[in-house]
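Encoded as C-alpha cells, the structure appears first; notes follow it.
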Amino acid sequence: MDAEKRLFLKALKEKFEEDPREKYTKFYVFGGWRQSARKREFVEAAQKLIEKRGGIPFYNPDIGVPLGQRKLMPYKVSNTDAIVEGDDLHFMNNAAMQQFWDDIRRTVIVGMDTAHAVLEKRLGVEVTPETINEYMETINHALPGGAVVQEHMVEVHPALVWDCYAKIFTGDDELADEIDKRFLIDINKLFPEEQAEQIKKAIGKRTYQVSRVPTLVGRVCDGGTIARWSAMQIGMSFITAYKLCAGEAAIADFSYAAKHADVIQMASFLPARRARGPNEPGGIFFGVLADIVQTSRVSDDPVEQSLEVVAAGAMLYDQIWLGGYMSGGVGFTQYATATYTDDILDDFSYYGYDYITKKYGGCNSVKPTMDVVEDIATEVTLYGLEQYDTFPALLEDHFGGSQRAGVTAAAAGITTALATGNSNAGVNGWYLSQILHKEYHSRLGFYGYDLQDQCGAANSLSFRNDEGSPLELRGPNYPNYAMNVGHQGEYAGITQAAHSARGDAFALNPLIKVAFADPSLVFDFTHPRKEFARGALREFEPAGERDPIIPAH
C-alpha cells in the first residue's frame, strides 16, 4: 500500500500538527492542561461548584502528574469526520455510550406462544390477531408504569419513561400482516431479502414480544430487574386484555413463562464473586454483541461490519465493564479508543482484506488450516508493526504497548476470520499475532496482558466444555478473559467477521438480531461509531433524564 494512502495519516496530521514521520518533537511547550478546551471547562465548572460543596476541594488538574507535558491529543472517531477530545470518549461524559448500554440492559425478549397456549388450552380463550393487537395496546400502557387491574395504584410520569414500549415479531408472514404496524418489528422491511429469509426460517412460526423497560429502571435498579419489571406488566396486561381472573391458577403459568420459561435476556447470570445478575455486561456473549450491532443489515462491507462490533465491544467491555464495574476506576478509556479512533485499525484491517482478496479470492474462500492462520496473521501483524516503525506519530498515538498489541492482533484476527469464515481460526490469528508481536518488541503491555494469548491456541480446541466453547459462546466471564482489557471487544469483532464472510444474517441468536433492528430504539445500532461521535460532540439526546420531576435548571 502506498504510504500516502494510509487511512490514519489525516488523523495523525490533525492531532499533532507535525509530519507523522518526524522522529523528534517537543515537550513542555503546549501550555499544560490549558491546551485542552475540555480541561479548561472542567476547571471552571469545578471552581463554581466548590462553594456549593461547602468548600470541599474538587477537581484540580495541578494535583498529581503534570498534565499536558505532551500533546493532549484529540481523536478522530474512525469512519466519521468527527474530531473530539479524549475526555468526551469517557463513558461518563458521553450520553450515546451510556444509552448504548441502557438500550441493551433494558431489553428482554419473551416468547408469546406459551402464554397463548395457556389461554387456548387451559382457559378456552381464543387468541387472534385482533386480541394480540389489544394486548399490545394494553402492554404499552402498563410497561411504562400504568395501572390496569387495580384501583388506587400509583403510576409513573410518562415524561420520565417516554422511551418505554413493547413490540412483537414473528417468522409467520401471515400473522405479521395482521399485526398493527405500530407494534411490529417487520423482518421483511428491516432486513435484506436473503437475510430476512434466513431469520424467518430460524424463527419459524413462533411469536416474540420485545420489552423495552424504561432506561430509568435500569439506572435506579439493575439489569436483573428488567425481566421482572417486564413479567409483572405482561401478566397484568394478559389479565386485562383477555378479561381473566387475577387469582386463578393459570395466572401462575403466565408468570412462570414471562419470568423464566420463555425469557431471553441479553446477558447470562454471573457467579457470586462478580456480584451481578442477568442483563449486566459481564454476561454478554461475543456472539450476542455481534447480533446486537446492526451494521450487517445496512452495509455490504465485511470489514466495516466487523469494526463496528469491535467499537461497540471495546466501549462496553473495556470502558464500562472492566473499567467501571470490575476495576471501579476511571481509566481503561484509551484501551478502547485505540480500536475505534484515528482510522488505525481500519487501515490495518483493510490491508488484510486486500491481502486475502488477492491471495485467496476474498471472504470465506479458504479452509481454516494452521498454515492459513500463520500466513494471514503473520502478514497483517508485520504490516501493522512496520507502520509503528515508520510513523513515530502513530507510536505516540498508541502510546501503550497493549494498545498496539490489541489493534494489530484485531486486524490479524478479523482478516483470518474473513478469509476462512471461521471464528476459531480468527481468534487463533489473534493469538499468533500477539506471540509474533512479543517476539518483535520483547514485550506487549502491562504484566499479564498476554496471559490469555499465551495459552489461547491450546484452549481454543479444548475438550473441556468451558475452555473449548466456540468464540460466539464465549464472553467476558470466559476462563482467562475475565479481567483483562484490550481483548474482549476485539474478540466480538472477530466473531462478526466470520459471519460477515459467510453472509450470515446473524452470528448466534436470530431473536436478538431482530430485536435490535427496531428503529424505535434511542441508540442507532447500525452505526455505533457515528453515535459515539455524536455523544462526544454533545449532539445525542438520551433517555432516562429526570427533568420532569426536578426544579427547572
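Cβ atoms here come from the backbone N, Cα and C positions, even for glycine.
Here the structure is a predicted model, which means the values were calculated and not measured.
Swiss-Prot lists Gln150 with the feature coenzyme F430 binding site, giving similarity to another entry as the kind of evidence. Long-range neighbours of Gln150 (coenzyme F430 binding site) (same chain, six or more residues apart, CB within less than 8 Å of its CB): none.
Counting only same-chain residues six or more apart in sequence, none has a Cβ lying under 8 angstroms from the Cβ of Arg273 (coenzyme B binding site). The coenzyme B binding site feature in Swiss-Prot is assigned to Arg228, Lys259, His260, Arg273.
Positions annotated as coenzyme M binding site by Swiss-Prot: Tyr335, Tyr447. Same-chain residues at least 6 positions away in sequence with a Cβ under 8 Å from that of Tyr447 (coenzyme M binding site) are not found in this chain.
When Cβ atoms from all protein chains are considered, those within 10 Å of Arg274 (5-methylarginine) total 18, not counting its own. Annotation source Swiss-Prot lists 5-methylarginine at Arg274.
All chains included, 18 other C-beta atoms sit within 10 angstroms of the C-beta of Lys259 (coenzyme B binding site).
Annotation for the binding-site residues Arg228, His260: lowest Cβ count within 10 Å of the residue's own Cβ, His260. Neighbours of Tyr335 (coenzyme M binding site), defined as other CB atoms within 10 A of its CB across all chains, total 24. A Cα-Cα distance of 23 Å separates Lys259 (coenzyme B binding site) from Arg274 (5-methylarginine). Secondary structure from DSSP puts Tyr447 (coenzyme M binding site) in coil.
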